[in-house]
Amino acid sequence: MESEQLFHRGYYRNSYNSITSASSDEELLDGAGVIMDFQTSEDDNLLDGDASIGTHYTMTNGGSINSSTHLLDLLDEPIPGVGTYDDFHTIDWVREKCKDRERHRRINSKKKESAWEMTKSLYDAWSGWLVVTLTGLASGALAGLIDIAADWMTDLKEGICLSALWFNHEQCCWGSNETTFEERDKCPQWKTWAELIIGQAEGPGSYIMNYIMYIFWALSFAFLAVSLVKVFAPYACGSGIPEIKTILSGFIIRGYLGKWTLMIKTITLVLAVASGLSLGKEGPLVHVACCCGNIFSYLFPKYSTNEAKKREVLSAASAAGVSVAFGAPIGGVLFSLEEVSYYFPLKTLWRSFFAALVAAFVLRSINPFGNSRLVLFYVEYHTPWYLFELLPFILLGVFGGLWGAFFIRANIAWCRRRKSTKFGKYPVLEVIIVAAITAVIAFPNPYTRLNTSELIKELFTDCGPLESSSLCDYRNDMNASKIVDDIPDRPAGTGVYSAIWQLCLALIFKIIMTVFTFGIKVPSGLFIPSMAIGAIAGRIVGIAVEQLAYYHHDWFFFKEWCEVGADCITPGLYAMVGAAACLGGVTRMTVSLVVIVFELTGGLEYIVPLMAAVMTSKWVGDAFGREGIYEAHIRLNGYPFLDAKEEFTHTTLAADVMRPRRSDPPLAVLTQDNMTVEDIENLINETSYNGFPVIMSKESQRLVGFALRRDLTIAIESARKKQEGIVGSSRVCFAQHTPSLPAESPRPLKLRSILDMSPFTVTDHTPMEIVVDIFRKLGLRQCLVTHNGIVLGIITKKNILEHLEQLKQHVEPLAPPWYYNKKRYPPSYGPDGKPRPRLNNVQLKPIAEEREETEEEVHLLNSTTL
């Protein structure tokens with residue numbers, strides 16, 4: 001028979017027992033953050049883990065529209081826990097969408113019955129807008145609170161305002177009548193720690209005392225932050241964007257978006273920024289906004305009971321987070337679409353835009369920086385750029401791409417080493433050491449002592465007549481008779497050259513410390529440190545080009561557009577372009593990044609330089625690796641995430657990836673009408689699989705459907721309690737019609753209502769490229785592999801991720817593209833009739849006979865006229 005032939009060919013060699021079950025909580029958590037591994041987690045494995053009745057967990061198969069299980073039609077009352085998911089599992093997108101459509105149909109069918117039903121229908125229709133409105137309001141309010149508190153605590157490291165303790169340094173001197181233009185940051189109301197402790201405002205003793213207090217406050221803030229994270233909310237550490245991307249793809253991480261995480265992340269984010277570590281608050285603000293969206297979604301049944309709908313709210317919340325982080329509502333929507341969202345329908349686009357709008361409005365109303373802007377480093381430029389400047393802009397893009405590639409490799413290597421050594425077991429000690437080194441080195445340099453956002457503001461700002469920074473210490477033209485907005489290019493003074501050396505040291509310091517800071521167990525964003533590195537490099541390049549144009553204005557590429565006494569070069573513009581290039585090199589963002597920076601500057605004129613620099617940084621970074629920093633951390637932590645940007649170029653087949661494997665027992669299956677209740681209960685007790693294919697019979701092996709372990713257990717227990725005559729010897733029937741039984745036989749148990757009649761299936765010869773696309777676009781958890789209707793095995797999302805990881809280690813493709821397109825799939829046996837050599841299910845290089853055949857076929861293909 002055909003089934004016996006298939007068995008001898010090896011299709012029934014394995015079972016699912018080779019897949020390991022989930023590890024303990026201690027193995028899933030590393031220090032203060034969640035760490036998972038493909039070999040130990042049961043992210044998506046349909047056939048692993050404990051699926052006992054005591055756990056509130058239901059695994060469902062990805063079927064078509066009609067695949068929803070009507071278990072409640074069988075039972076008299078709802079069963080608690082049905083339709084929910086356990087921690088570290090992936091949702092079934094198809095099932096969730098079916099549930100939402102069924103809920104929508106039910107509401108529409110009842111809305112004309114009474115006024116109350118119509119009110120419920122309107123409430124359901126508007127609940128989406130209500131939840132994004134609440135999310136935007138909360139995100140804007142929390143962002144304003146974080147900005148104000150972080151600025152005050154940052155200045156607390158240097159001194160305190162005696163007249164009003166809640167004022168930072170700038171606010172303290174606003175109302176002073178004794179502040180001069182040259183020393184605008186000095187006023188009697190503001191006292192440094194040296195003045196308060198030893199009574200000296202200047203001198204070596206004052207410098208040493210301020211140095212000591214700076215280190216003391218930095219260590220205190222860092223220690224308090226890491227202690228709160230470790231004790232109360234381990235998920236509050238890090239940026240949060242890699243985990244947000246994984247959650248939006250359908251993964252469940254209980255508590256990651258909870259109220260405790262929100263509370264602790266808000267507090268510790270202020271402490272981490274104030275400690276002076278090389279990190280930013282923009283990335284964690286996305287996590288904060290998503291926590292708000294998750295909490296508010298529980299107020300509305302439409303979202304609290306449907307994981308797929310809840311992820312639409314989280315997509316809108318991530319847009320609101322970027323909106324308040326950079327004051328860029330449109331950029332926030334594009335960031336959610338380009339970078340974090342896995343499923344982004346059109347209505348989510350509208351709601352994301354509305355959430356970003358509300359959040360930006362609330363933050364603007366709070367006005368945390370006192371400049372009527374949403375961010376501290378908002379700038380406006382009035383000088384146009386010229387075509388020649390594209391060359392240094394592109395060079396900044398190259399620098400950004402190189403920095404991004406270096407940072408990703410160095411940071412991932414350090415994070416991997418942290419996990420594999422004893423150093424990672426002491427997160428508090430690591431944070432204290434990093435904070436101490438940062439404070440000791442940062443204080444002597446005024447540019448590293450500054451808050452990173454204030455540093456970016458100073459680098460972005462163009463030198464006007466009212467600027468007193470050392471970066472604007474140019475030799476003035478004594479013949480100038482009036483003050484104008486556009487000051488002509490001038491020769492650099494001693495202050496500019498001194499500032500360049502300090503910026504070079506700051507650049508080296510930021511590069512090194514950012515590598516070791518990102519990933520420690522405190523809230524740490526990457527946007528601001530990357531922008532600071534690019535802004536420093538851009539400002540240095542801008543000053544160099546400016547001086548080159550001043551001293552060599554007669555060169556052919558200067559004399560056409562840069563006349564003597566004209567304002568030709570804007571160094572602040574170079575800083576902005578460099579910041580965008582470095583951030584793009586690290587994150588590999590393109591469109592959303594350009595729009596964010598465009599909204600920061602408020603001018604359309606600089607779109608082209610930004611686009612050129614960002615695209616160049618992406619191309620250069622992709623030459624060293626296509627993964628951005630967030631994708632790299634997702635892969636490092638072992639999250640089950642299928643990146644839509646990653647191309648699958650190999651020619652393996654579904655049969656190469658499916659389970660069972662060769663050395664495993666046969667596939668555990670159910671028959672549609674030949675098994676008893678006792679047989680099924682024994683199978684459930686002897687295995688840990690979460691689902692079983694249902695076949696016609698042991699002889700035919702043809703697929704009928706798919707039954708979940710939890711549904712089987714619930715249905716059998718309910719039938720024993722509520723139906724008379726159901727015993728262990730009762731025949732279980734999944735077919736539509738019950739087969740004829742002897743008169744003395746016990747009553748059969750019909751379980752067709754819990755059977756998924758339309759599970760997703762592929763054939764064993766389906767290329768894995770197609771299978772991966774199906775999993776990505778439909779959000780599947782598993783699909784069955786068949787051959788002429790006969791079930792052979794199963795492929796889960798975890799199996800695909802393991803296969804992709806193996807292919808990265810064995811990059812050799814199975815065959816040239818023309819060979820794959822012509823043959824459709826490579827043969828399992830070579831020309832000599834022997835099995836093709838394989839290693840870890842990856843086909844090795846072709847043997848000599850096949851290489852000769854390949855060259856001959858290439859010649860034939862080239863000589864054929866198509």
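Glycine residues also receive a Cβ, built from the backbone N, Cα and C atoms like all the rest.
Those TrEMBL annotations? Automatic predictions, nothing curated.
Per TrEMBL, the features are as follows:
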type	residues	note
TRANSMEM	126-150	transmembrane segment
TRANSMEM	214-236	transmembrane segment
TRANSMEM	256-277	transmembrane segment
TRANSMEM	284-301	transmembrane segment
TRANSMEM	313-337	transmembrane segment
TRANSMEM	386-408	transmembrane segment
TRANSMEM	428-447	transmembrane segment
TRANSMEM	499-520	transmembrane segment
TRANSMEM	532-553	transmembrane segment
TRANSMEM	573-598	transmembrane segment
DOMAIN	658-722	domain 'CBS'
DOMAIN	755-814	domain 'CBS'
REGION	847-866	region 'Disordered'
Residues of the same chain, at least six outside the transmembrane segment (386-408), with any C-beta under 8 angstroms of its C-beta?
511, 514-515, 530, 533-534, 537-538, 541-542, 545, 557-558, 561-562, 568-569, 574, 577-578, 580-588, 608-609, 612-625, 627-629, 632
May I ask for the residues of the chain that lie six or more residues beyond the transmembrane segment (214-236) and have a Cβ under 8 Å from a Cβ within it?
29, 31-34, 153, 156-158, 243, 253, 255-256, 258, 260-261, 263-265, 267-268, 271-272, 274-277, 427-428, 431-432, 434-436, 438-440, 443, 449, 520-523
Considering only the recorded stretches 256-277, 428-447, 532-553, 573-598, state which has the highest number of Cβ pairs under 8 Å to the transmembrane segment (313-337).
573-598
Below 8 Å between Cβ atoms, which of the listed ranges 126-150, 256-277, 428-447, 532-553, 573-598 makes the most pairs with the transmembrane segment (284-301)?
126-150
Over the span of the domain 'CBS' (755-814), count residues by DSSP class, listing helix, strand and coil in order.
24 helix, 19 strand, 17 coil
Please indicate, using numbers and ranges, the residues of the same chain that are 6 or more beyond the transmembrane segment (428-447) and have a C-beta under 8 Å from a C-beta there.
211, 214-215, 218-219, 221-223, 225-227, 230, 275-278, 418, 455, 458, 499, 502-503, 505-506, 509, 513, 516-517, 520-522, 536
Beyond the flanks of the transmembrane segment (256-277) by 6 or more, those residues with Cβ under 8 Å of it:
34, 142, 145-146, 149-150, 153-154, 156-157, 217-219, 221-222, 224-226, 228-229, 232-233, 235-236, 240, 243, 247, 284-285, 287-288, 290-295, 314, 434-435, 438-439, 442, 449, 451, 513, 517, 520, 522-524
Would you list the DSSP helix, strand and coil counts for the residues of the domain 'CBS' (658-722)?
24 helix, 17 strand, 24 coil
